[in-house]
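*Asks:* Sharing a structure below in structure tokens format, with a few things to ask.
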Amino acid sequence: MVEDMTTPLLSDSEAPADALPVGLTSPTVAILGSGDFSRSLAVRLVASGVQVVVGSRCVNRIPSGLFPEAVELRNQEGAVSQEVCLVFMALFPEHYCSLLGLQSALAGKVLVDVSNGTEMNIHGPSNAERLADLFPDSLVVKGFNTVSTWELQTGAHDGSRQVMICSNSTEGKKKVVQLARQMGFHPVDMGGLSAAREIEVAPLRLFPSWSGPVVITFLLFLFFYGYGFLRGILLPFLAQGHNAFYRLALDLVNESLPAVALVTLALVYFPGLFAAWLQLWRGTKYRRFPSWLDNWLQRRKQLGLLSFLCAALHGVYSLCLPLRRITLLRLVNTAYKQVKAGTEEPWDELGVWRSDLYISCGVLGLGVLSLLAITSLPTVGNTLNWREFTFVQSGLGYIALTLSIMHTLFFGWDFAFHIEAYSFYMPPSYLLAVVLPCIVLVSRCFLLLPCIFTRLTRIRRGWESKRNCPVLQHHHVVPNGIP
Ligand code: NAP
């Protein structure tokens, strides 16, 4: 691996125009520290054609072969006293003070702080700002901490290619940006050093935009699973001694998943409608939405993908139903009863229609939902223009919602109108699941009424009602410009 990485990733002809000059005249980059990050960074720098010198407190302790041959190993003073243009601080920030003796040697040089934060909500200066305080004569740049050692080793094609960079020094930032490009990364300028805290905690974030949607989906699953357990298993067992606990593993999961998928899909479109009604009521689009609505609007993609996951799982579970032992036993039992009674099962035309319709709507709904999921991938979504994206996410989204509602209603058929559907005075869970999606669909239909649609379109194009904008909008300007 190390040998592979010693050949430059970019040939001279492929290198970006503003890359650092490669070859004998290439400026040396120093790395202080000989740990994991230092080693991976050195491998990558050498592979990009950069001369590297590693500065260690104890060079003799570094096992031979740990760094590529082209890397020069020196003590800390020796490494930074060379003609280096950049110094990577590949050590933990609590050890920065131990380098204070190098202050004069590091003066005027670019110091790259690669350290990560240790906690999300920590106050006070960032590691990079502390480094800048310790070395006021150096040009401190924050960067490369979001790149893991694995990404450095595997090359630009396999890992994430973005490198977030910030600094108060334009000159320092420019050098790091050039080096990042030369190494095959995409530098992203995050501004001044005050952005360092945000960059430091970036690797600590654990799916920040997913936690809310995942919790909501999980709670919905718990609700429908618990409700189904109470209504279909526990209460019948307590009241009639009927043992149906075997349904816990598959039946109940497969009953809960479509309900969760349907409600979650409705939750994707509900905030958009709520926002539209709020704009209509306020008569302006220039007043901010409450923060909870803003957050909800930003999580629609995640909710949609979770809805797709539940729907897909429901599809797989349903396909597995004939494999169950209980299905075989029931089939044999029914056949035995018919033979014994000497009867033939009459053709159930209505039943056949019902099952075909609900299966067909379910399959179509899942198909459209998969399209939505695919177009939400950045690589696919980026190829669509705004109109195409809106058509898929909104137009096809409502089609998926309608098909899913129809799938549920065909499944229920007229069952909801029979008293036996309400065992223990509890409606079946599919009936509960369909309430919110129906509200969303009806609400959407109201928004399409010409009088409402026209007003909403005007508001979204900047028109404001009198009470919001009494001066600007209704201000008459006379031809000579004097009101
Ligand atoms: P590491 O393996 O523990 O290496 C740290 C190095 O710091 C040591 O090998 C040591 O090298 C040097 N050092 C200098 N002065 C020191 C002192 N007074 N006490 C102890 N060590 C001293 O850590 P690492 O994983 O390479 O991480 C280094 C920095 O990179 C950290 O700030 C980390 O947040 C950041 N980072 C790491 C990764 C990663 O994937 N590992 C990713 C992004 C960022 P010498 O003994 O040769 O002096």
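Note that Cβ sites are derived from N, Cα and C of the backbone, with glycine treated the same way.
Reproduced below are the annotations present in TrEMBL:
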DOMAIN    28-117  domain 'Pyrroline-5-carboxylate reductase catalytic N-terminal'
TRANSMEM  214-239  transmembrane segment
DOMAIN    259-401  domain 'Ferric oxidoreductase'
TRANSMEM  259-281  transmembrane segment
TRANSMEM  302-324  transmembrane segment
TRANSMEM  357-377  transmembrane segment
TRANSMEM  389-410  transmembrane segment
TRANSMEM  430-453  transmembrane segment
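Let's see these features in context: how buried, what's close, how far.
*Replies:* Secondary structure of the domain 'Pyrroline-5-carboxylate reductase catalytic N-terminal' (28-117) per DSSP, as helix, strand and coil residue counts: 35 helix, 25 strand, 30 coil.
A Cβ distance under 8 Å defines the sequence-distant neighbours of the transmembrane segment (214-239), meaning residues of its chain 6+ beyond its ends; these are 207, 245, 247-248, 252-253, 255-257, 259-260, 263-264, 267, 302-303, 306-307, 310, 423-424, 426, 428-429, 432-433.
Outside the transmembrane segment (430-453) by six or more residues, the chain places 224, 227, 255, 258-260, 262-263, 265-267, 269-270, 273, 276-277, 280, 398, 401-402, 404-405, 408-409, 411-412, 416, 421 with a CB less than 8 A from a CB of the stretch.
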*Asks:* Below 8 Å between Cβ atoms, which of the listed ranges 259-281, 302-324, 389-410 makes the most pairs with the transmembrane segment (357-377)?
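*Replies:* Answer, by Cβ pair count: 389-410.
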*Asks:* What residues in the same chain, six or more past the boundaries of the transmembrane segment (259-281), come closer than 8 Å to it by Cβ-Cβ distance?
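*Replies:* Tertiary neighbours of the transmembrane segment (259-281) are 213, 216-217, 220-221, 224, 289, 293, 296-297, 300, 303-304, 306-308, 310-311, 314, 369, 394, 397-398, 400-401, 404-405, 408, 429-430, 432-434, 436-437, 439-440, 443-444, 447, 452, 455-456, 459-460.
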*Asks:* Over the span of the domain 'Ferric oxidoreductase' (259-401), how high is the average pLDDT in this prediction?
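*Replies:* Mean pLDDT, the domain 'Ferric oxidoreductase' (259-401): 93.
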*Asks:* From the DSSP assignment alone, can you count helix, strand and coil residues within the domain 'Ferric oxidoreductase' (259-401)?
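*Replies:* Helix, strand and coil residues of the domain 'Ferric oxidoreductase' (259-401) number 120 helix, 0 strand, 23 coil.
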